[in-house]
Amino acid sequence: MQTIIRVEKLAKTFNQHQALHAVDLNIHHSEMVALLGPSGSGKSTLLRHLSGLITGDKSAGSHIELLGRTVQREGRLARDIRKSRAHTGYIFQQFNLVNRLSVLENVLIGALGSTPFWRTCFSWFTREQKQRALQALTRVGMVHFAHQRVSTLSGGQQQRVAIARALMQQAKVILADEPIASLDPESARIVMDTLRDINQNDGITVVVTLHQVDYALRYCERIVALRQGHVFYDGSSQQFDNERFDHLYRSINRIEENAKAA
């Protein structure tokens, strides 16, 4: 099976606090993987390293590859980082959309990387690009909102627009950082249904950080659980049982209680 993401010996330190400890991870083509763990476990930090939004410590042997290209090595970004980012869609908890633009215009932003610079300065997009943007909106059930200002949408609708933008980008990998954290249960279900649909039908690799274990079990075939910057579990979601859940979360609660008592 083709390896899409490869992480070797990744470490990250913030202000003398080590957030990640020599993490090794391989993610394969068309997998849908959940990164789980309590707050501060390192899951979002790990995700942000995958596309080079942040760099790791200058550790000997640390290396991240995405789509066969080096993203960073020993704490330094690759010179051609834009080439690996070109086919990587990033979905944020806070949507990262331009509120003053329409839904369609926000989706067309996904085409900027493949559009000549002089046309991007004037937002001149071709008829074919606009048609692809409408098709992406159709995929996520948002085509009827194409000409509506994005600021008028609900959180769940905005998140689906962000997914459509990733489709417009022709992403081969989607990295979703807490995409349903601020959504109501129905909106969260629709967003996760949408991610699973494009994973299964388009073969797009999806890596998603989640706090909600039930969504990870329902939607993701594989779980990578982090605890205090270490990979605690990496395997099938079917094997992530109550005992592992308790060990992952209760031990953290016990540490916090002891710290307060001290």
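Each residue, glycine too, has its Cβ placed from N, Cα and C.
Copied from Swiss-Prot, the annotated features are:
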type	residues	note
BINDING	G37, P38, S39, G40, S41, G42, K43, S44	ATP binding site
DOMAIN	5-253	domain 'ABC transporter'
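Taking the mean position of the Cβ atoms of G37, P38, S39, G40, S41, G42, K43, S44 as the ATP site, the remaining residues of that chain whose Cβ falls within 8 Å of it are T45, L226. There are 20 other Cβ atoms within 10 Å of the Cβ belonging to P38 (ATP binding site). Cβ neighbour density within 10 Å is lowest for S44 among the binding-site residues S41, S44. There are 24 other CB atoms within 10 A of the CB of G42 (ATP binding site), with all protein chains counted. The Cβ of K43 (ATP binding site) has L35, L36, G37, T209, L226 as same-chain neighbours under 8 Å, each 6 or more residues away in sequence.
Within the model, the domain 'ABC transporter' (5-253) carries an average pLDDT of 92.
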